[in-house]
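Chemist: Provided herewith is a single structure, encoded as structure tokens, for subsequent inquiry.
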Amino acid sequence: MKSRVIGLLTVLIAVIIASCQSEDELEFQRYYNGGKKLYEQKCQNCHSAKGDGLSNLIPPLTDAIYLKKNKALLACMVKYGIKETIITINGKSYEGAMPANDLAPVDIAKVLTYVTNSFGNKMGVIKSEVIDRYLAGCK
Amino acid sequence: MKQLTGLLFITLILFSACKFNAAETPKLPIYGNRDTVSKMVNGKMVVDSVYATIPDFKFVNQYGDSITSKSLNGYVYVADFFFTTCPSICPVMHRNMLKVYADYKNVSDFKIISHTIDPKHDSVPVLKKYADKMGISGQTWWLLQGKKEDTYQLGEKSYLVAVKEDSGTPGGYVHQGWFVLVDKQKRVRGYYDGTDEKQVDKLRADIKTLLAETNTTIAQ
């Protein structure tokens, strides 16, 4: 009897854990897939389908260290654009402007989740609440 | 009945056109309106067709050199329209044009000309900087700046007349992103959507065909 209860409990816990994981996984997929669509509409023309940019004109999105270090800045860049500044990506400097994309925080979260988990990047989900915090700190 | 005969006639032409193409080496069409002229040759009346050609123009390239239509005499070239601050289709077009450039940059009778449609912003230094960043050097790919009216006129009236007539698509050419292939006689020989990788691949193949064609014509 006792062993049965324990067995049942273990199964129950296992199911809960499994469902939690798939919940996370589902959330990631939701962000990632939504982000892919937004990327194709808003970013792909310049940054290319492979995220490799265009020569020395448009920076690639493949610098994992830059992306990791500048998560908050990325959110600000997407929302407000960039005005004639020099940024260094993969050791190369890029100069120029990027247009602003006045997206909702949840959409910024989606597109950044896509970018930071594509083109060889693997940073996991960036949630909408986190983007809210990042945007509050934009200069 | 009349219609049926007409249909038959067209079908016949189509069939013969197919056969013609199959027998010969691939040939590119000649676009634009054409006229016929009758002239006396050795005392006989001969009817000759006159093809639409790209008219004279005068622009400045990224090195500040004056470029006229004469500068393109003896060249097969591809023309497009862009501006350096274009956030929409231009990067896609020039990402694709870079492939064409990579294929043919060392071919002596080939050129690419990109007309800026925003001459106010795209001055000579701005174009030079753009070229440098794109990794374009030498004389194969010219970025041309001139009077806005001249550029628009050339684009609307000369390069894209046939496109508009053929496809029936109205609207600004600016946002269509066409690559226009022009032969050594300054006749338009092909239109390709510069944002479509497959069409650009076709352009890359067609340039080869066109270079071969004009070279044999000259040899004769």
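The chain as shown is numbered from 1 upward.
Glycine residues also receive a Cβ, built from the backbone N, Cα and C atoms like all the rest.
These figures come from a predicted structure and were not determined experimentally.
Found this in TrEMBL, in case it helps:
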{"type": "SIGNAL", "residues": "B:1-22", "note": "signal peptide"}
{"type": "DOMAIN", "residues": "B:48-212", "note": "domain 'Thioredoxin'"}
{"type": "DISULFID", "residues": "B:C86-B:C90", "note": "disulfide bond"}
{"type": "BINDING", "residues": "B:C86, B:C90, B:H175", "note": "Cu cation binding site"}
Chemist: What are the sequence-distant neighbours of B:C90 (disulfide bond), meaning same chain, six or more residues apart, C-beta distance under 8 angstroms?
Modeler: B:F82, B:F83, B:T84, B:G177
Chemist: Excluding near sequence neighbours, so keeping only residues 6 or more apart in the same chain, what lies with its CB under 8 A of B:C86 (disulfide bond)?
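Modeler: Same-chain residues close to B:C86 (disulfide bond) (Cβ under 8 Å, separated by 6 or more) are B:D118.
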